[in-house]
Amino acid sequence: MAARRALKAVLVDLNGTLHIEDAAVPGAQEALKRLRATSVMVRFVTNTTKESKKDLLERLKKLEFEISEDEIFTSLTAARNLIEQKQVRPMLLVDDRALPEFTGVQTQDPNAVVIGLAPEHFHYQLLNQAFRLLLDGAPLIAIHKARYYKRKDGLALGPGPFVTALEYATDTKAMVVGKPEKTFFLEALRDADCAPEEAVMIGDDCRDDVDGAQNIGMLGILVKTGKYKAADEEKINPPPYLTCESFPHAVDHILQHLL
């Protein structure tokens with residue numbers, strides 16, 4: 001790992017770290033204000049595919065988080081960038097609330113499959129349609145491959161198991177655009193004009209948030225909220241730079257030890 005430099009940016013996960021669905025993590029709003037009062041740039045990075053960036057921003061504002069749209073980098077944005085780069089016509093296996101992120105994208109006569117978290121669409125008929133497109137040579141683009149995520153009623157299957165099922169059935173490999181992919185973190189940091197060695201990632205997912213960030217040279221802080229389960233910090237190597245109770249505790253550490 002490259003030598004550490006002065007801290008310039010903090011990347012923060014959203015669901016599970018700042019909030020869990022429509023409930024804020026206790027103390028998160030005030031902690032974010034304290035972090036913003038420093039010289040570091042704060043950006044929000046999320047694999048959320050259940051809703052558009054606009055809807056996500058409205059949810060955060062209702063929870064009294066002071067966040068602007070241009071501060072949020074989502075895996076939906078990364079997926080659209082790849083679709084445009086490859087000039088494909090995707091079959092969109094995404095939640096209907098996420099469709100505004102793909103406005104203007106040609107989907108007639110699809111020659112690619114894009115899959116995110118879409119519980120209402122993960123049924124045999126649509127998955128079989130995707131399967132047949134892939135057999136005909138269509139590329140598979142996974143917005144992310146999270147195993148599960150946190151809801152108010154408990155943990156729930158993420159898109160990862162469904163992506164893996166299509167990979168297995170068609171003997172193909174998905175192109176993944178969200179966390180923990182290196183390109184996702186690098187794109188988020190590019191906007192902040194920041195090198196990985198000048199940044200910290202805070203999240204509740206040991207693999208997608210912490211391991212992904214640390215693989216490009218960032219420091220990773222794992223919080224014990226959201227999808228965190230006991231001993232998650234032991235599942236990755238190297239382990240997280242820090243494991244703490246919640247986002248406010250992570251901010252306390254940054255203010256006391258990294259600035």
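Glycine is treated like the rest: Cβ placed from N, Cα and C.
Per Swiss-Prot, Mg(2+) binding site is recorded for Asp13, Asn15, Asp204. In the three-state DSSP scheme, Asp204 (Mg(2+) binding site) is classed as coil.
Feature annotation from Swiss-Prot assigns substrate binding site to Asp13, Leu14, Asn15, Thr46, Asn47, Lys179. In sequence order, Phe44, Val45, Thr46, Thr48, Leu56, Leu60, Ile72 are the residues near Leu14 (substrate binding site), counting only same-chain partners six or more apart with C-beta under 8 A.
Residues or ranges marked as coiled coil by Swiss-Prot: 47-72. Distant neighbours of the coiled coil (47-72): 14-15, 18-19, 22-24, 28-29, 32-33, 36, 94-95, 97-101, 116-118, 143-144, 146, 159, 178-179, 208; these residues of the same chain sit at least 6 beyond its ends, with a Cβ under 8 Å from one of its Cβ atoms.
For Lys50, the entry in Swiss-Prot reads N6-succinyllysine. Cβ contacts within 10 Å of Lys50 (N6-succinyllysine), excluding its own Cβ and spanning all protein chains shown: 19.
Same-chain neighbours of the Mg(2+) site beyond Asp13, Asn15, Asp204, judged by a C-beta within 8 angstroms of the site's C-beta center, are, in sequence order, Leu14, Gly16, Thr17, Leu18, Thr46, Lys150, Gly203, Asp205, Asp209, Val223, Thr225, Gly226, Lys227. Taking every protein chain shown into account, Asn15, Thr46 are the binding-site residues, and of these the Cβ with the most other Cβ atoms within 10 Å belongs to Thr46. Across the binding-site residues listed here (Asp13, Asp204), the residue whose Cβ sits among the most other Cβ atoms within 10 Å is Asp204.
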